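Here's the structure we're looking at; comments come further down.
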Amino acid sequence: SVGFKAGVKEYKLTYYTPEYETKDTDILAAFRVTPQPGVPPEEAGAAVAAESSTGTWTTVWTDGLTSLDRYKGRCYGIEPVPGEENQYIAYVAYPLDLFEEGSVTNMFTSIVGNVFGFKALRALRLEDLRIPTAYIKTFQGPPHGIQVERDKLNKYGRPLLGCTIKPKLGLSAKNYGRAVYECLRGGLDFTKDDETVTSQPFMRWRDRFLFRAEAIYKAQAEPGEIKGHYLNATAGTCEEMMKRAVFARELGIPIVMHDYLTGGFTANTSLAHYCRDNGLLLHIHRAMHAVIDRQKNHGMHFRLLAKALRMSGGDHIHAGTVVGKLEGERDITLGFVDLLRDDFIENDRSRGIYFTQDWVSLPGVIPVASGGIHVWHMPALTEIFGDDSVLQFGGGTLGHPWGNAPGAVANRVALEACVQARNEGRDLAAEGNEIIREASKWSPELAAACEIWKEIRFNFAAMDTLDPLKS
């Protein structure tokens, strides 16, 4: 019959289209779908496509006022997950017209909005997105990128060294500044506000900024190296955040920091635009990420949060360590590290990358390895992350038995030894401990660090692991 027909019909009749050929301009998504018992995988995949695009639970007469074929999401493929019962990877294509240009906020509101509470699904996880080049070109991306940062700092050929100041809460502004100065003069490139430090009663933000600036200028003058401190500009409102960034620029500080998930993508993108316009580097902390990404069958993988950050804008982002105290398998971590740094990444399921991604010269982001690392980890970190990284030792600097500056010296000596050994052709993975021992003969600071942390390990199985590849 002609006209509107009320009622409920199966999603798969409209949104499951295995014959669909994807377009270069489509946003492609890979969802890990766990249907409720009795729900066919095709219906579950189609439901995801519908609820994250144009669909609702019943037929509505206003469907006739638009072209659903033009705007609907389509589930174009489903494959079972090897080794899992009743779990599937559903591939969904979204037309580009569904998304506002230059808005990570709108992209995520559409793709991972209501659908994650859908009753027909027991669990749902977004594993990867292919962002088309046409959409990427609507984003500014990182304020500066890797090469511009190296040029600003005049530091080449090695990873950069950082340190989060501890205790993270409770220090006065002056004592915090003193700790910053000690670390920077000892040989670190950066120090960092803890992500929880904003403007609390024990240390208001303006005092914090002033004492950090004093520490940076004093520490730069002694060795003649450019230094930085990640001043956390995160605040309760966007206006307050921008006020703090403006003050950092007025003080001549080279880098500010933002907690991009708790602060939100809209605030982050605004800050990234300001940083590019005003010559500030932008360090990004990922506080709250594990709430979203740690469970294997529900939520969103961190590689998506990393891609979104590259689009929204940030020059550094925390990316796990592989060897420290925080979650992260080596292959998975290297997969999203490449997505952050490289211009073109081929799909590679052995590293969790579902789609080939072309960034069309969007600047890269430097991954930051931070969390439970110390001098014995330096060879592995240098080998895993390479030169374009920040290796950040908080307790691994401040916990040195002789104090902050000797802790910084120990880390710098260990790093320089590893870089020299690598450049001479030595195998860091096989000879790492020997390289550190040799260097410690010439550095009493490194020898003391080696002694105190020789037995420290964080040996726990990762929650988020790769699926077995199909034979």
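Cβ atoms are placed via backbone N, Cα and C, with glycine included.
These figures come from a predicted structure and were not determined experimentally.
Swiss-Prot annotates ASN114, THR164, LYS168, ARG286, SER370 as substrate-binding residues; of HIS316, HIS318, the candidate listed for that same site is HIS318. Neighbours of ASP194 (Mg(2+) binding site) among the recorded positions ASN114, LYS166, SER370, defined as a Cα within 10 Å of its Cα, are LYS166. When each of the recorded positions LYS168, HIS285 is scored by how many other Cβ atoms sit within 10 Å of its Cβ, LYS168 comes out lowest. Cα separation, HIS318 (substrate binding site) to HIS285 (active site, proton acceptor), rounded: 6 Å. Using Cα positions, the member of the recorded positions LYS166, LYS192, GLU195 nearest to ARG286 (substrate binding site) is identified as GLU195. In sequence order, LYS192, GLU195 are the recorded positions from LYS192, GLU195, HIS285 with a C-alpha within 10 Å of the C-alpha of THR164 (substrate binding site). Counting in whole angstrom, LYS168 (substrate binding site) lies 10 from LYS192 (Mg(2+) binding site) by their C-alpha atoms. When the recorded positions LYS166, LYS192, ARG286, HIS318 are compared by the number of other CB atoms within 10 angstroms of each CB, LYS166 has the fewest.
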